[in-house]
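Working notes for the structure below.
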């Protein structure tokens, strides 16, 4: 096992010689890039003289593809074996003001089926021309390769197309050599640049984000998950910088270019066989901390030098080793690599990326400073690290064949990330918090008729934009929820055994979801567990059809029924299901507090006599929300549950207290129960101190805030919440010795934020004065912020809302100067809380100026502003006015269009707003990209909101009015 920086200088000699010989060509190639960038509309290249030329293209792909290069999927005629890639990123702009990289690549591949065509992915690369062609082909083992006949770039499908004069032979091996230049853009996709300031000095680094389809932006490659290969990487970079990649580096060497530049060349050992989307490389001048030299796996945490010096990487280093050890035991397979580098990047589109051996993170997902970061920041670091490390086996060692099964990769990593985090932080109760963090939220999305199944047909997921659209909450959170349910009814031990067999059978290979079901079934059989059907038959109903059921239990008769749960019961489900939207439902339940045997609902209706109850009994189903379904009861049982909540709420498990609230509110929105019943589930909150029920109530009442904060209902609603939260506010005031201490319990620290947030927003006596005073104290002494990190988001928001331009400008200045990403993120949100429209408009304009707000943060910031009732119409106008700019300049991974549409439209509840949405769809029909499905969801949600308001506005007004004038 590697225990240090270097492997061996000797092993790298061949790579070094080849790399040096190409430096002159790389330099020459880069000179023409600025001119060639504009030549992307030429005709296919044929044989010419000359050494370099711009790429030829064909720019139209018919709706019914006729030629192989008009298909988005690669043919099965070629299979890569290995790549040798050398890249030189320029960290200073060229005379045309462009940042570029240049390089060359040799891919060794086998011809599986005889063909006279080479299709290899390439996007936004400009190629050296060899005798008029984009590449050179060589046959191995002394054979002769076919002559090139024609080559061009097929832009719509992102291919380099090479036609040959005669076919390559099946079973033979060939090498394809290319030289190219690309832009080191700031678009957060492929090989890109990130910028930051340290001690007033502007710094540039080069980094990557390949998933899902951007490796082709760095070098030509067979860019599909099943096209696994071994990668040999070499990076040329300036002195004072370090180069990182998936494998351990050989000892760097000094080189001198023909024009006298002194550079460093770093080559890396061969990777394990893996998919292109897992490749990563970084050139930076970061610092690092590492595990003890005697450790079996070298663990290094990389970040800005100042962040490392301040100890912000210490928590990540402390937890990575134990989490890796947990997963080694969980999977029963050793960690496959010699090292695990983790690097925090100033600009990064996702939370993190599981590149094998070099995991990339947003700074907020890896760095933690106990003096400034909140417990929520700490939890995020632990769960994201756990998520990414889970992928080292599930996703990297074994990879799904195509993106239609992305849910299996991401849903699984999401589920077990809570197991890993729970192992390393046992006092946090992370295995319960998955309910709040993942399951409850995604149920609201999956209850829409515009949702989608977890697993799609391969033919339905072809284009890059189709693939990108799958990176949503259904894939991650519902995937986690149904796997958690499966693990529950077959037991976690059997689930783990099945995973181990699956990973052992398919390591370094690709799979489909049925392969997992097969291995889990073997584990179930080995354990002697009896199921009503096979694992595959049960689970197919959960992954091959969208949505989930509402299970209705009549406790007077024992009758149980299921129905596809839709938030808007009038919406039309126009996607057929082979299962007719019925599920095999594992029902766990308690009767008057006593656990009963699990019951399987296998038909639309059934009867279980045991589920009848007497006059003094009560029944609750779906214990700890292990099942992915909602539960409704007969009115008598609902009354008994409400009575129990009011008199002895702790007799009901805490997760089920949260579940009762969430189910009731969603059933009410679906017109299955009355809205007053849902509101009645919050009456007991004045006696509730636990976080999960309060947080669930908060989320559901937030919907009421969205619907009513511009109407006369808002006043009495605020009065009601004030009555409920006042005891909680006083409880935490006492528990924290008048807000001077931090609660010991993890979830109490979260609930303290609820007490303060609701307290200030509903006018609990003394709350606003408290937050305003804390903020003013900080303004008076900016170098000494005494506000508790856990409370900063709430305090900043409250104070900025109460203040004006002075407070806003102060917070903006502190954001601009923040050296800790989590602190910057809190300020970024709080700045959206102002009630001054002109400040919100100015803030929106900043969102499209990367020097003011990083591209990675633009989506979140616009959505934060839209969350402010004053900012919402401003944000919607801004999006519509700037959509063309946003779509064309913030694509490629830097902005989630779907998230943007969801955030800006969540308040929509009028016919006028619905028509505006339709007009927006019509105006931008050809440039919606990954936002297309979110726009459909927004239209459906707006219709549901309109219907709900028409039915409930007066009723809700009367209920809140009666509650504040009478009972508490």
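Yeah, the Cβs are placed from backbone N, Cα and C, and that goes for glycine too.
Note that TrEMBL annotation is computational and uncurated.
Checking the ranges 40-69, 70-99 against TrEMBL, the region 'Disordered' annotation falls on 40-69. Checking TrEMBL for coiled coil across the ranges 890-917, 918-945 points to 918-945.
The Zn(2+) site is set by 387, 391, 410; from the centre of their CB atoms, other residues of the chain with a CB within 8 Å are 354, 388, 390, 394, 395, 409, 412, 413, 414, 417.
Computed over the domain 'Aminopeptidase N-like N-terminal' (80-278), the whole-number mean pLDDT of the model equals 97.
Working note on the recorded positions 388, 410: by count of other C-beta atoms within 10 Å of each C-beta, 388 ranks first. Of all Cβ atoms in the shown protein chains, 27 besides its own fall within 10 Å of the Cβ of residue 387 (Zn(2+) binding site).
Distance between Cα atoms for residue 410 (Zn(2+) binding site) and residue 388 (active site, proton acceptor): 10 Å, as a whole number. Within the same chain, the residues at least 6 positions away from residue 391 (Zn(2+) binding site) whose Cβ sits under 8 Å from its Cβ are 354, 409, 413, listed in sequence order.
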